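Reviewing the structure listed below.
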């Protein structure tokens, strides 16, 4: 198998954390309330984002069909800059404090590729592929990160990627739902002139404008609209799979900017088919007609996004002739996001696996209020915190944890019951002080008075867990609790104009 020159083996050598400037680092410390308060005030998180397509086309023989759009790793949050400054204050050189990353397809047969993060917060992996000798039907990208001084950051995995042989030529049916594209999901759009890889450009938003970028790609929500939906910044969306001939709205998942209403049309050679109505499938070529215009299509011209006027086909009224720049390949995209913060300073162990909380479920009420967390990568050394209060926590499995909801008096001194709504962030904390932020909050809502005391919650935990109770428990027999909530978003957008 051909290997990229100079690439390391699939697993770069494991790096043991280097000792501090004046000897070994102190043993790990449990997080204190003061440290949590500082974190909640500053929010100096370090976030690793892995953006990638949901499907990858297999390479046969000696060919290399590079993943398109290329997987991209972003380092987000103010914590990266703060970490670098802290390392340099502690005696590291600029090179030693620089994050390094390698990416691979989780297969020991293929070498990992180094990502160049120097001087910027993102990098794309442009030469990844999966060969037909790899028999997996699904795989995950693996991103190994460490600092220039060899301190380990950890291994971060993408979401699951489906391997396909080639885009479906036959009329797609909803039986292959995993190849169809649902309303409200994210897609990338790219244009490739004369099938040349070097000419590939991606729809992207930068500086408040849509443009065709050769370096970065955007992930856009594709929303299905009613055919009679009028143009506007707010719009009503429909559920279901996207079919050709339907009205859609493309909204940038980062900026919220949107294109005007579009009708998605199937492309055959250099024509847009006006009567196609089958489901849109992965890696199909499609065109976007700007609704209520005179045959105007979304098109690129170098880096600019423009309107292109199609020509009617004289002998075929169901077709319109378009140019190459108006033909877009569509593919579903996904994102893996991992956020962490060293609450008690540098740690010896990698920060991974990073736990991800997907949902919260409140069980019971009053003194027996228990919160169930569902997600991924849970471990027994994690505790749930409500604001700056550590909760008694029970580990169930890698996807489930349970905790006792702290009494309201832990947040409002002297309160015996909830007098006004109090919202607190929910976070997970590892036993060495690593804080894992979630986007979830817990809300205490007002009640007319105290509830009767019941010690069932403590009994449930003690019966099911061998975990040591938290250092600072706040328990009280009265109080009331309500819901756990996520930050939901309504569909509003700012519509961009397309140059004619």
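Glycine residues also receive a Cβ, built from the backbone N, Cα and C atoms like all the rest.
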Swiss-Prot lists region 'DNA-binding' for one of the ranges 35-45, 46-56, 57-67; which is that range? 57-67
For the region 'DNA-binding' (57-67), find every same-chain residue at least 6 residues outside the stretch whose CB is under 8 Å from a CB in it, and list them. 2, 125-132, 134, 163-167, 197, 283
Could you give me the DSSP helix, strand and coil counts for the domain 'IPT/TIG' (355-445)? 6 helix, 52 strand, 33 coil
